[in-house]
Amino acid sequence: MSTPRSPGLPFIFVTLALDMIGLGLVIPVAPMLVAHLARDPLAAPQFLGLLVALFSTAQLLAAPIFGMLSDRFGRRPVLLISTLVTALAYMLAALAPSLMWLLLARTLGGVGAATVGVANAYIADVSTPENRARNFGIAGAAFGLGLIIGPALGGLLSGLDLRLPFLVSATLAALNFLYGLLVLPESRRAAPAPFDPRTLVPLRALGTLSHFSGLPVLAAVVLLGSLATQFLTSTWVLHGAMRYGWTPATNGLTLAIAGLLSAIVQVAVLPRVLRRVGPEQTVALGLLIGVASNVLYGLAAAPWMLWASLPIGALSGLATPALQAITTNKAAPHAQGAVQGALAGLTSISAIVGPLAATALFSRFASPHATPFVPGAAYFAAALLLFASFAVFASTRSVLQGEPA
């Protein structure tokens, strides 16, 4: 049986970090590349929104399918193939001669990024119930590390050439494939799940969650929490520029510091909290801290107030790895991939709906001429979503007690 020290875990953590670095690399350059390729500069913002929507939609459709395929054929081949797809997507974007090619490349990139659920299933496979939350916390720290490195490196490289960040991302993904080819063992030890082609239909795949006691409630918690995150992240730069007059450099600095604080919480704080109160109460605590931090963000009339709230916001990240551990404990071993893929699909839904709703709310209440003028409206909405997530989580006693399925 694999142990939590499996040689595959470092590959998973590196993959998650590189995924975030790759995404971060292209954030500063994507608007400029779209404007460069667009024949009509006024249409560039719409194409940029379409890039994001296609990426998230492809991720939504592919995530449940990849999860089920990993249950049937193993985690290793699915993870390696997705890494190659990611490398190809970045290379196509780097060489894209037109917007249509760039749209195709980002859609393919969404497919390659759809294996977050498979990565989570791998972590569940090689972890014990006692240390799953800790390992998910390390995975969260890898995300935070990518959030720090990616945008900063992307801004630097884009000054040399608009397409260079995509080439670097493609190279990193290709090197990661070679690394995985050499060191990544198969993690799944359960008998292969029976293969039913009907389950490859994405919406039908989401129905897997209803097969295990407690998972539908946990899925609602995940969806509400993911929506709250989208409300926060999709308006952060807009809010900083409008309310405080921040430049892109200042906004990037806040994101880098937030990523650093998040990584510190996942590595240094999470294990202590888990030992003290357990995963169920850690989820509840993280959600309530998230409510408080978003209210503080919304009320921050001066920049120093928001800066001072960042450590509190980082503590809200306690909820995610503990919640991931609970969901993996609820699912049967042969269905870990399907369950994690379905949950990743729900996260992709939030990535499609959340930014649209959040930016609409921001435009309605946070523009200079809005009546009433509520610059923190999106953050207050995020706080409400997190409170709803907490209420759903707390309403089911069996979930809070972590009873096995």
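Glycine is treated like the rest: Cβ placed from N, Cα and C.
Per TrEMBL, domain 'Major facilitator superfamily (MFS) profile' is recorded for 8-399.
Residues annotated as transmembrane segment in TrEMBL: 12-35 (among others).
With a threshold of 8 Å between CB atoms, the same-chain residues lying at least 6 positions outside the transmembrane segment (47-66) that come near it are 30-31, 34, 38, 78, 82, 99, 102-103, 106-111, 113-118, 200, 202, 205-206, 208, 337-338, 341-342, 344-345, 347-349, 351-352, 355. Look at TrEMBL and you will find 47-66 (among others) tagged as transmembrane segment.
Among residues of the same chain six or more beyond the transmembrane segment (78-97), those with a C-beta under 8 A of the stretch's C-beta atoms are 12, 15, 19, 22, 26, 37, 66, 69-70, 104-106, 108-109, 111-115, 118-119, 122, 163, 166-167, 169-171, 173-174, 176-177, 180-181, 184, 337. Feature annotation from TrEMBL assigns transmembrane segment to 78-97 (among others).
Per TrEMBL, transmembrane segment is recorded for 103-124 (among others). Listed by sequence, the residues of this chain that lie at least six past the ends of the transmembrane segment (103-124) yet keep a Cβ under 8 A from its Cβ atoms are 8-9, 12, 15-16, 19, 23, 47, 50-51, 54-59, 61-67, 70-71, 75, 78-79, 82-83, 85-90, 92-93, 96, 132, 135-136, 139, 173, 187-188, 324, 328, 331, 336-337, 339-345, 347-348.
Residues or ranges marked as transmembrane segment in TrEMBL: 136-158 (among others).
Annotation comment: TrEMBL describes 164-184 (among others) as transmembrane segment.
Taken from TrEMBL, the feature transmembrane segment covers 205-232 (among others). Outside the transmembrane segment (205-232) by six or more residues, the chain places 64-65, 67-68, 199, 283, 287, 290, 294, 297, 319-320, 323, 326-327, 330-332, 335, 338-339, 341-343, 345-347, 349-351, 353-355, 357-358, 361, 378-379, 381-383, 385-386, 388-389, 392-393, 395-396, 398-399, 403, 405 with a CB less than 8 A from a CB of the stretch.
Taken from TrEMBL, the feature transmembrane segment covers 252-270 (among others).
Under the heading transmembrane segment, TrEMBL lists 282-300 (among others).
With a cut-off of 8 Å between Cβ atoms, the residues of this chain six or more beyond the transmembrane segment (306-326) that come close are 120, 129, 132-137, 139-140, 218, 221-222, 225, 244, 254, 257-258, 261-262, 264-266, 269-270, 273-274, 279-280, 282-287, 289-290, 292-294, 296-297, 300, 386, 399, 402. Among the features that TrEMBL reports, transmembrane segment is placed at 306-326 (among others).
The transmembrane segment annotation in TrEMBL covers 338-358 (among others).
The transmembrane segment annotation in TrEMBL covers 378-400 (among others).
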Averaging pLDDT over all residues of the domain 'Major facilitator superfamily (MFS) profile' (8-399) gives 83
Hey, would you say the transmembrane segment (12-35) packs against the transmembrane segment (338-358), going by three or more CB pairs under 8 A that are 6+ residues apart?
-> no
